Amino acid sequence: MPSFPRTVMLLGSGELGKEVAIAAQRLGCRVIACDRYAGAPAMQVADVAEVLPMTDADALLEVVRRHQPDVVIPEIEALAVHALAELEQEGITVIPTARATAVTMNRDRIRDLAAGELNLRTARFAYASSAEELKAVAEPLGWPVVVKPVMSSSGKGQSVVDCADDLPKAWEAAMAGARGTSTQVIVEEFLHFDLEITLLTIRQRNGETLFCAPIGHEQEGGDYQCSWQPAQLTDQQLHQAQAMAKTVTDNLGGAGLFGVEFFLCDDEVIFSELSPRPHDTGLVTLISQNLSEFELHLRAVLGLPIPAITAADAAASRVILAQTNMDSVAFEGVEQALTEADTQVLLFGKPTARPGRRMGVALARGVDRKEAQAKADRAAACVSVIPGSTAG
């Protein structure tokens with residue numbers, strides 16, 4: 001009998017899922033990759049690929065029951081999450097838990113948990129279910145405010161609003177970017193923060209919680225552009241962030257890696273969001289740590305030891321984005337991007353492109369953050385996404 005689960009099913013097969021699949025296969029696991037479109041990145045390295053509408057509960061239940069995996073690892077947010085609870089009741093392990101997946105895919109549920117039940121410090125916020133209600137709740141928060149759909153991903157539908165006249169446009173953007181049938185937004189005070197960080201938090205099956213060195217990152221339109229590790233925090237800030245991350249992940253339960261996001265404002269640490277899975281800003285750990293966030297996730301999921309997490313003095317990442325729509329893709333400039341030492345380029349293998357779609361990432365190590373970020377930026381700037389051949 002195997003000493004740990006051997007069949008892993010990924011619900012979502014993007015670039016993060018691809019790295020999870022690679023980490024799983026290096027541990028001898030069989031990987032089944034599921035997504036809504038064929039040829040998704042993780043499918044390219046999986047043992048089995050399944051294409052299905054991921055928000056269709058019946059389709060999701062059918063594919064899981066047919067394969068009977070040892071563990072199901074959700075890797076995206078656009079899922080029929082209520083089906084996961086049904087699978088858990090049937091004895092299938094959902095990572096970290098079905099409840100954690102459901103709570104964190106809804107900004108209102110995770111915010112109510114963090115601010116209300118767990119009493120974590122967050123930005124002041126309110127909810128609105130119409131353009132008229134949005135105007136009523138935004139004014140007391142003061143300008144500017146941030147408007148987001150309660151259900152969306154990768155910054156879709158988010159906007160910063162400077163005055164009441166711009167709220168109707170923000171409402172329309174939120175509805176256009178919302179996932180599923182949600183018609184509610186969360187509106188938050190705009191925080192003039194010093195730094196935005198991700199604290200990768202690992203819950204092990206033995207009950208122990210581990211932390212990676214904090215990762216600083218910059219976003220544009222709610223989508224990650226670059227990250228670096230370690231981010232510079234005071235001892236007090238780090239202690240606050242770790243305490244809050246442990247509080248919320250203990251409540252969500254299960255085993256695995258969580259990406260817990262915080263704002264740093266002066267000396268205050270403010271909870272932002274949480275993903276119960278490897279985080280895009282954590283791609284930097286592929287070059288910065290002895291164990292990447294993907295390897296850590298798999299070790300925690302499978303109940304394997306994590307003796308130590310060590311990191312380089314400084315490492316950084318910069319995304320590689322598409323500029324136009326393309327039915328097939330290729331890349332130019334990779335050879336120039338790889339001329340510097342301690343630099344890597346990852347091209348995700350997405351079959352098509354659209355403006356702003358993340359197609360790859362450049363990673364670099366340096367003696368300090370400035371050097372590492374400059375190297376990653378130079379490498380990313382070398383790479384262009386171009387139309388590929390459509391020949392079969």
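If you go along the chain as it appears here, the first residue is 1 and each next one adds 1.
Glycine is no exception: its Cβ is also placed from the backbone N, Cα and C atoms.
Under DSSP, Asp280 (N(1)-(5-phospho-beta-D-ribosyl)glycinamide binding site) is assigned to a helix (H, G or I) in the three-state scheme. Taken from Swiss-Prot, the feature N(1)-(5-phospho-beta-D-ribosyl)glycinamide binding site applies to Glu15, Leu16, Glu75, Asp280, Lys350, Arg357, Arg358.
Taking a C-beta cut-off of under 8 Å and a sequence gap of six or more, Glu188 (ATP binding site) has these contacts in its own chain: Ala123, Arg124, Phe125, Leu141, Val145, Val146, Lys148. What Swiss-Prot records for Arg107, Lys148, Ser153, Ser154, Gly155, Lys156, Gly157, Gln158, Glu188, Glu189, Phe190, Leu191, Glu196 is ATP binding site.
Taking the Cβ of Glu273 (Mg(2+) binding site) as centre and 10 Å as the limit, one finds 17 other Cβ atoms among all the protein chains shown. Reduced to three states, the DSSP call for Glu273 (Mg(2+) binding site) is strand. Annotation source Swiss-Prot lists Mg(2+) binding site at Glu261, Glu273.
Sequence annotations record features per position, and here Swiss-Prot assigns domain 'ATP-grasp' to 112-302. Each residue in the domain 'ATP-grasp' (112-302) has a pLDDT score, and their mean in this model is 95.
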By Cα-Cα distance, the member of binding-site residues Ser153, Gly157, Phe190, Glu196, Glu261 nearest Lys350 (N(1)-(5-phospho-beta-D-ribosyl)glycinamide binding site): Ser153
